[in-house]
DNA sequence: TAGTAACT
DNA sequence: AAAT
């Protein structure tokens, strides 16, 4: 078996308190394997949450269909359609409020943020992204939250991917950072509005998720 | 405009 | 780069 793109990563530690922390940029860190030991619990929660608010593909305002599927939980959820990007209190599919953000998720996200130097992070919205075969996410900024003092906390589950990490302008060529099952990325402060994205998902199968990657992105949104 | 076409 |  030939070594793959990701085989030189250290083995996952699984604990946010002790997993190895790498600086990516000013205000941005990668915690390798920080949530590995919580993966099955998180995936089980994703199953029950997406039974209430199904994963769905959204249209961008320009009319493009996103290749990743998403859902939300928390007091507000991110949506995109012909009218633009926004956070709203209800799921447009059902008209009902989004499912509550599980307390265990909020605690893990806060612990990750604290490890990255952002004390007191209290997320009120989580975007649940599912990347299937060849799904990707173009370079973008998370800029609809209203509160840019709070960081973004991102959990990776399942198939490995290449995280595209750019800069404050779209023209800066992004670095490609491998993310594997259990990895956590936190960015805020000077890099809070940096462009980022996901390269097309490589083929593969993960024991816990099959041919897909899940990503949980925690935010604090000023309603 | 979190995507895409249409360039180079 | 430009459309929306």
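The backbone N, Cα and C atoms fix where each Cβ goes, glycine too.
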**Asked** According to TrEMBL, A:140, A:142 bind Fe cation; which one of A:181, A:196 is listed for that same site?
**Response** A:196
**Residues in the domain 'Fe2OG dioxygenase' (A:122-222) grouped by DSSP into helix, strand and remaining coil** = 3 helix, 44 strand, 54 coil
**Residues satisfying Cβ distance under 8 Å from residue A:140 (Fe cation binding site), sequence separation of at least 6** = A:195, A:196, A:197
**Prompt:** Taking the center of the Cβ atoms of A:140, A:142, A:196 at the recorded Fe cation site, which other residues in this chain have a Cβ no more than 8 Å from that point?
**Reply:** A:137, A:139, A:141, A:143, A:152, A:194, A:195, A:197
**Message:** Across the domain 'Fe2OG dioxygenase' (A:122-222), what does the mean pLDDT come to, as a whole number?
**Reply:** 95
